[in-house]
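See below for the structure under consideration.
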Amino acid sequence: MGTSVALRIDAVTKLFSGIAAVKAASFEVAAGETVALIGENGAGKSTLMKVAAGVYPAGTYEGSIWIGGKEAAFRSIREAENAGIVLVPQELHVAPNLSIAENMLMGRLPKRLGVIDRVEMRRQSREWLDFFQLDVDASAPASTLSPSEQRLAMISAAVNKSAAKVLILDEPTASFTEGEALHLFEKMEQVRAAGVATIYITHRLDEIETVADRVVVMRNGEVVKETSEVKGNRAAFVRAMIGRDPKQRERKPARTDGEVLLSVSSFTVRSAQSELRPLVDDVSLTIRRGEIVGLFGLVGAGRTELAKAVFGAWDGEVTGNVEIHGGHQRPRSPKEAIARGLAMLTEDRKRSGLIEGQTVLANISAASISEVSSYSVIRRAEERKRNLDLARRLDLRPLTLTANVENFSGGNQQKVLLARWLATDPTVLIVDEPTYGVDIGARFELYRILRELAESGRGVLMISSDLEEIVEESDRILVMYKGRITGEFPAGATRHQLMAAATGDAAAA
Amino acid sequence: MVIVFILLFLAFNIASDGIFLTPRNLTLLLRQGAIVAVVAMGVSILIIKGEIDLSIGSAVYLCGVAAAILQLQFGVGTFGTVVATVAVGLLLGAWQGAWTVGVQVPSFVVTLAGLLAFRGAGYYLTDAATLAPMSESYSALSEGFIPPTVTYGVMAALFAIGVLLLVLASRSSARETGNANVPLLIVKVALLAAVAAFATWIFVGYRGIPVALVWVFGCGVVLWFLMTRTEFGRNAYLIGSNREAAHLAGISIKHHLVGGFLIMGALYGIAGTLMTARLSASTPTAGLYLELDAIAAAVIGGTSLRGGIGTVGGAIVGAALLVTIDNGMSILNISSFVQMVVKGMVLLLALAMDRALNKRSQRG
């Protein structure tokens, strides 16, 4: 481990309209060291890192940032980058139609005589891609990369474009599968070997042991724990993050013998544009009353496409049949699917779930407004009462219907969306990555709600690339690989079995 | 917003030596604003849904042409003409809705085409000539007045209804929060009384309530109810804020967009009627730049061009502000060229404010 301190954060406090998001937080990272920064959503991790990376310019916070022994006062992200601090944000801003090279060099495109030097641009991006052994064509559009490849490309660009001394990764693996995450960790080893200090923000405690030399835990804006005992310390980390002991959950025996509520048979889904192999290939599955079925698979396995097509929301070609609780036709639109008792919590909360700019009340009612209307006129008192009951049942915090949804934390936004679907009183609920970007406390509440739903006689299909979630919460597990279902397991299957099926390793499955 | 109005009123009144704040001028001002107010409501609904309409001026002109032709060449009566004009408006709305929703051409382009084509069609039908005169009863649709004696009764009735609504709203909010806010209710009733008294002073001081305002009031009440109390209105906001999420929540985007264009179409017809009645003629320059006034009124009234935010009432207030500026400058004998420049700047300022407010709300 390097001995020189690469970055020192000293008593940083950052206020947002008078409320402290970060309170006198201090810690340091040495060159060549990897520090995992963990904490619940809203603990102040991202805010603190944005202060360090110049997103919030000097003067808008208290305390100081020291780089290699000198105090830094960045006025912009560019200044921070020039000083060697690079932040790769959780939400990547990739322009899908621009080339990979252009995306990687964005803001620093090489120019000759004022015109972009394409040859030099390709050479540089090629070199950076090679650093991570990414075998892709730099002049192809960025949309041809998988999300994990995009992230790797952007990380390598971040490391290289300004001779990074400190690399800050904000939840890089949130949308990764385990395999992709392991790949990233190998690359991070390379970065570390080059003497770069890394701050690694994550929600996944299992990753920490693989990645980090030291762990810093934040809660309510303060650094509450700092330790280099990384291994076998998970329970202590969870306690530090949530400030109390996590509730133990009892597992009831799985029910997999109920009546069939949803039956999908010989289902094939193709994309609207291309004639390539189908995204979902001849899939059949059933969801029974009272069970949570986990659908596991790597990114690109076709899980989301399957769910969207079942829900009637797929633009491309779909063949095969869907039976919902007796009804025999495949739904042609989300509207029809909802009318027949299907509900789908979408994968991309911000893009296709939340209706930002509107109140919690309107967001909860979005799929069920006609339930509380007569002749299309909304019965307002009844709507408010119903939604308030739902919000209370899901423990929405803060409990208000009049605030706009964008002001809530990720976990509470997810509760609002779940309330939207509960309001439709669905027979079968499909949830796609239900706990993506949701902190630990809210995560357990979401599991509790899903379990309650199942116990009250609904069926739940839970799509996830979080192995822990799949193993812990499912009564039955399906695994997809390249558009096909490659394995079905009872509760209690091992991670090894699931991963093997998810990577097409037929011998092990 | 209230402060802006008071300042403008005072400034214009002082500059015009007291002509501005007379019942006569204010009545004319309100009547003048009726057409903009009617179409501003429609375009605010479209903007809330994330669409736009640039064809308003031409569409209103074409509706006016239809009205003039029906009455002058075919001798259709006043009532029949109004119904037929609204039908023509609905047809234009349906046409634009079909292209936007059915063929998926952006409404910006569809209505830009309408801006050209509708006026062109009107010129073709009339050889760009003025068609006049309309019958007296038709003209009265905009220019008539509710006599002062009846005006007292109408204003009193409206005031009573207003008080009733305020009391009911206060009751239901008291039921929710548990404590009745009586002082707030009294302040609201007092404000309403002041507004009603001021309006009565204006109307009775001249010749009564202008009929043009009755149209605005009627459209306003219907559309306000539609946008705040019905599924249609609720879904309009959801579609405008996040169309994909609304679709996945089972809302039929197509039906709602076509509905929006049909409402706009009906308002073309009503505005066309008001315009033709006002001039007692269809003139080739009628409705020129009306779309800009309408969009500016909607935005000044708080409608966000990014969709999902805005109110019908706001659009009416925005129209009132625009027409106040118009009227004030006319009274001061400012050249119409300068007036155009000023209105252009007001539009720019309104959009800049929209942007600034959005930025702030994003940060908060």
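Even glycines carry a Cβ here, placed using N, Cα and C.
Some features that TrEMBL has for this protein:
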{"type": "TRANSMEM", "residues": "B:26-47", "note": "transmembrane segment"}
{"type": "TRANSMEM", "residues": "B:54-72", "note": "transmembrane segment"}
{"type": "TRANSMEM", "residues": "B:78-95", "note": "transmembrane segment"}
{"type": "TRANSMEM", "residues": "B:107-125", "note": "transmembrane segment"}
{"type": "TRANSMEM", "residues": "B:145-168", "note": "transmembrane segment"}
{"type": "TRANSMEM", "residues": "B:180-203", "note": "transmembrane segment"}
{"type": "TRANSMEM", "residues": "B:209-227", "note": "transmembrane segment"}
{"type": "TRANSMEM", "residues": "B:257-275", "note": "transmembrane segment"}
{"type": "TRANSMEM", "residues": "B:307-325", "note": "transmembrane segment"}
{"type": "TRANSMEM", "residues": "B:331-353", "note": "transmembrane segment"}
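Here the transmembrane segment (B:180-203) has Cβ contacts under 8 Å with residues 23, 26-27, 30, 146, 148, 151-152, 155, 158-159, 162-163, 166-167, 170-171, 173-174, 209-210 of the same chain, all six or more residues outside its ends. Against the transmembrane segment (B:107-125), stretch B:54-72 shows more Cβ pairs under 8 Å than any other of B:54-72, B:145-168, B:307-325. Most Cβ pairs under 8 Å with the transmembrane segment (B:209-227) belong to B:26-47, among the candidate stretches B:26-47, B:78-95, B:145-168, B:307-325, B:331-353. Count of Cβ pairs under 8 Å against the transmembrane segment (B:26-47): among B:78-95, B:257-275, B:307-325, the largest is for B:307-325. The stretch in closest packing with the transmembrane segment (B:257-275), judged by the count of Cβ pairs under 8 Å and taken from B:54-72, B:307-325, B:331-353, is B:54-72. Among the listed stretches B:78-95, B:145-168, B:307-325, B:331-353, the one sharing the most Cβ pairs under 8 Å with the transmembrane segment (B:54-72) is B:78-95.
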